[in-house]
Amino acid sequence: MFNESEADEKRYLQWLLARLQRALNRMEERLSAASRDVLDAKRYLWQNAAMLDPAERAAQRVEVSSMIDIGEKNAATRDKLRKLAQSPFFGRVDFRTEDRTDAEAYYIGVHSFADEASQENLIYDWRTPVASLFYDYGVGPAAFSAPMGRVEGEVTRKRQYKIASGEMAYMIESAITINDDVLQKELSAASDEKMKNIVATIQQEQNAIIRNESANELLIQGAAGSGKTSVALHRVAFLLYRFKERLSSRHILILSPNKVFADYISNVLPELGEEPILEMGMDDLAAQALAGVCGFQRFHRQVAELLEGEDDALAARIAHKASIAFVRELDAFLAQAEEVYFEAKDVVVDGVKLDREDLIARYRALRSMPVLPRLDKMAAAIAGSARDEEGDKPSAATSRRILAEVRKMFKYRDALSLYGEFYRATGKPGLFRLRSGKTAEYADAFPLAYVKMYLEGAEPYAFVKHLLVDEMQDYTPIQYAVLAKLFPCKKTILGDGNQSVNPYSSSSLALIRQIFPRAETVELFKSYRSTLEISRFAQRLKRNDKLIPIERHGDEPSIVACVDPAGEEATIRGLIAAFESSEQRSLGVVCKTQSQADAWHARLKDAWPEIDLLSFDSERYRDGICIAPAHLAKGLEFDMVVVPSADARVYRTELDKSLLYIACTRAMHKLTLTYCGELTPFLAR
Ligand SMILES: Nc1ncnc2c1ncn2[C@@H]1O[C@H](COP(=O)(O)OP(=O)(O)OP(=O)(O)O)[C@@H](O)[C@H]1O
């Protein structure tokens, strides 16, 4: 058997490392030769510019730019080789096809590597078809899908390795899919500043999502810490590999909840050897869609208003606009608006007769067009075919006047006034309010964008071939209706109904399924982030009977009763000091609101000036000590979490409960809650 013992494996590792080093040296040489060539070519161009004719200069420039392209590709290969030289592989699967008597060993790594001389594949990229055996099967009958069809056979051996800095830390023989010991080791490590890749321990159910090629829309509902975001990013890496001829990172967009989250996840794809993908927030999208219509309140302001005020009317306005029924009502209104607000008239413009019946016929014939461009097209057609008594076409001024007359025949020329009419016509004028400075409430931003698209037409983001939507529960049906128009591409949509930051407008998987009836849906029940004790504790806040916490143990979360605010501050200072003398790398002080986070920051920053206070304007996530409101901590994780003010005054509504759940589920290893007065009823036994 090939590389039978651990000693054989270690020898093989050294042999492989030597090959990698050789390839790396060659690549470095090639790169420095190429950079010399580029410099020489540029110098030549510069020194001989006067003597070269334009065609020669252009040819020389093309040559330089193609040399640079090749250089960039080689630099990317060098980076991959450098990574492999640290850790060439993490898995091995021996597979015997049905027609063979002996098995072949496949070593699985973050990238593929072939011996330059023999072209023999020594390491297989985790995304290759054969590597799926490693994630999907234990020892026994197995199969994988290859470009030439399904390959049946038997896995005869499986091994997992931890190799760091070229040294094999351990090797585990495992008969099952991914050995729990390896997963445990990965999960008990202290957090990193950025989200890390999970290629060595992808679970079977996660692999199925990553490698799903069939879904046009894939909806992933998963408990807190079930790996949704990690899986979605690995899925992107897989799709980029699988469809490399037609898909590049420039074609993929992620709609992320905020910039801190975008920064936190930004390393995963580069770690997997791919370029970062484009990122955008829903607010950015709304700003683009509403350009020229009106300003609008940002999402985090809506969250703050709901948390800090007791405005039932605001809650009612938000709730009304968060249902499927609202989208249907708006659709029905817009469908009839087309007829109701179009009033064709007989008019004569500078001698050109516009005939009512003819206008109606033209208007209806162009039904597939949005209303405003339709009117413009009608006017252009009328002006184009009109002739005066001398047989001359109308002048430009007359054409403009015809256009103005035709445009007047539709009563509403802008989204804001037509949207206002929607509320008047449906008898609910109180549900739409503009704030001062012509600013729409956040709940109106996407309905307004929808109405604008109805009037003017949508301009889809044609370059996007795959859209990733994280935190799907925070978006309403009307937002999805806008997304469907702007992104007619494949989509991966993920989230957790239990982690809503706005109970008046949160969307469950069932609701989103109604918007994308043909979507494939998957649910993830296993939670990897937190210890069993923390996961169980969080279940007191949001019960999920299907949740399977990972069997990883740690301290029981503690709830510390403090006599007064000064006592609570002293407790938190003690927890921070304990964190500093521990092995842990990140501590999150997660508060309910931004103003509480600001207040704690003000109280602690003298002693710990390096504390990072997260606000909606923050752009970066750093490890160390971080104070954040729960809605910004969503998606992040910390080795230790402290939740201050867990009292009955602060955490009392359903929304507060969601935020407390989010706060607690950010903890990987240790969780402490502090309070004065009466404990929140959500945690009282
Ligand atoms: N197969 C796996 N192997 C190792 N670690 C994993 C695996 N799956 C998930 N994790 C780890 O679990 C943690 C949670 O993952 P992730 O943030 O992707 O989950 P999530 O479902 O998006 O969480 P949330 O919704 O609570 O923000 C991360 O530290 C991630 O690295």
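Every residue gets a Cβ built from N, Cα and C, even glycine.
Within the same chain, residues at least 6 positions away in sequence whose Cβ sits under 8 Å from that of Ala223 (ATP binding site) are Asp496, Asn498, Leu524, Phe525, Lys526, Ser527, Asn544, Lys546, Leu547. Residues or ranges marked as ATP binding site in TrEMBL: Gly222, Ala223, Ala224, Gly225, Ser226, Gly227, Lys228, Thr229.
This prediction places the mean pLDDT of the coiled coil (10-37) at 91. As annotated by TrEMBL, coiled coil applies to 10-37.
Annotated domain 'UvrD-like helicase ATP-binding' per TrEMBL: 201-531, in sequence order.
The ATP site, placed at the center of the C-beta atoms of Gly222, Ala223, Ala224, Gly225, Ser226, Gly227, Lys228, Thr229, has further neighbours from the same chain whose C-beta lies within 8 angstroms: Asp496, Leu524, Ser527, Tyr528, Arg529.
Classification of Thr229 (ATP binding site) by DSSP places it within a helix. For Thr229 (ATP binding site), the number of other Cβ atoms no farther than 10 Å from its own Cβ, over all displayed protein chains, is 24.
Long-range C-beta contacts of Ser226 (ATP binding site), restricted to its own chain and to partners at least six residues apart, with a cutoff below 8 Å, comprise Asp496, Leu524, Phe525, Lys526, Ser527, Tyr528. Each of the binding-site residues Gly225, Gly227 was scored by the number of other CB atoms within 10 Å of its CB, and the largest score is that of Gly225.
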